[in-house]
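Working notes, beginning with the structure itself.
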Amino acid sequence: MINLRNKIAVIGGGLAGCEAAWQVARSGFGVDLWEMRPLKNTPAHQTGDLAELVCSNSFKSMDPGNAHGGLKGLLLEGGSLLIKAAQKAQVPAGSALAVDKSLFSKFVEEGLESVQVNRINQEVTDLDPLLDRYDHLIVASGPLTSDFLAEHIANRLGESGLYFYDAIAPVVFLDSVDPSLVYRASRWDKGEADYLNCPFSQDQYLAWIEALLKAEKVGFKDFEQAKHFEGCLPIEVLAERGPETLAHGPLKPVGLLDPRSQKQAYAVLQLRQENRAGTLYNLVGCQTRMTWPEQKRVFRMVPGLEQAEFARLGSMHRNTFINSPKYLGPGLVLKSQSQMRFAGQITGAEGYTEAVATGFWAAFCLVAELRAQPIPVAPKNSLIGGLIGYLLGAATSNFQPMNANWGLVQSGPKPKKMGKAEFRVALSKQGAEAWGDLLRSHNWPS
């Protein structure tokens, strides 16, 4: 039976939803957690368990010098149920936090029961009745949001507000790009020279196309259909149409003279700034289904990217997500409806730990509001602050999901005598200190 005394509803019993429900409930507020499984399953889920891990069983690295490890450290300091459950369900995997999936879900469910989260097994197809019933909603319905709810959200946001597939191109760290080989220019010199351009000779281009065609690809899962990508084809599919297709398409060199030689290259791969700090650059038009090792090999054949380090690798898969920077404000609140927040992969946070982080942040900000405390501001020098900053501040015209990475974190330049690994550990420590200060200012338990 629905507990009408609970004035907060969380929609979705995945990673973000369970984390959000736990944090709100342990803060003393009644929570109803709505989950349609097992009454209605998704094409990918196998059970009715809460926090079921659909794909990998790995939450990635625990190393504090790694962005994923640093992010877990912040969540643990905030008392994350999900990361603690993962540690309890851990299986051997080197420095990675891999889990027994069944045990992980069991520990999450036990944690939610301990704070009296009320689970409602029912599909949500329309948020309006819940807005009448509850004071606040946290929508964490995930990348496989049901068709009816997805349609409702799309209608609420309007045209192009909700996306059903992502088409992600790789992103590189600017400091790993060879400045002696690339040049700044915009096509036909229109506007500022905002793009970095990687020029190919004919021989370089043809060798790259050959490698692209031979590279190992990731197949489509049963619930993914290739026809949905016709408007945004993988770069390797375009290459299959003929060796010159890309040179006359995404890699066309016309209007991009190299200012150093005043000559036009045979083909040009453009890099576009990905974040405001200018530390990350997107490989324009390079959405791909190549495997990750092959992406590194093939894209490092591009002139100027021989030593490239990747903040994000490309992918194309089913992924329901909203245009967060357009529609969400501080605390992940829907700008047009202050009762409603979003969390999880539907916000464009890519990855398990990232989903947990957004669930935590939505709950943390909601509890602050319920306690009449100031609206929290995530420290920009922390990994959570960097991730939330991207979700709320990225360009709305081409918003795509993003994983946690150091390029999102606000920092000063790396000291010359400090190695990159040492610098990232220092960044992690500084961010953790600022994060701890924020938690303490809100009397938040660990």
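For all residues, glycine too, the Cβ spot is worked out from N, Cα and C.
All annotation found in TrEMBL is predicted automatically rather than curated by experts.
Feature annotations, courtesy of TrEMBL:
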BINDING   Gly12, Gly13, Gly14, Leu15, Ala16, Gly17  FAD binding site
DOMAIN    7-371  domain 'MnmG N-terminal'
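A simple way to gauge crowding: the CB of Ala16 (FAD binding site) has 36 other CB atoms within 10 angstroms, across all the protein chains here.
Mean pLDDT of the predicted structure over the domain 'MnmG N-terminal' (7-371): 91. Neighbouring residues of the recorded FAD site, listed in sequence order and excluding Gly12, Gly13, Gly14, Leu15, Ala16, Gly17, comprise Val10, Cys18, Glu19, Ala20, Glu35, Leu50, Ala51, Ala140, Ser141, Gly142, Ala343, Gly344, Ala355, Gly359 (Cβ within 8 Å of the Cβ centroid). Annotation note: Ala16 (FAD binding site) sits in a helical segment as assigned by DSSP.
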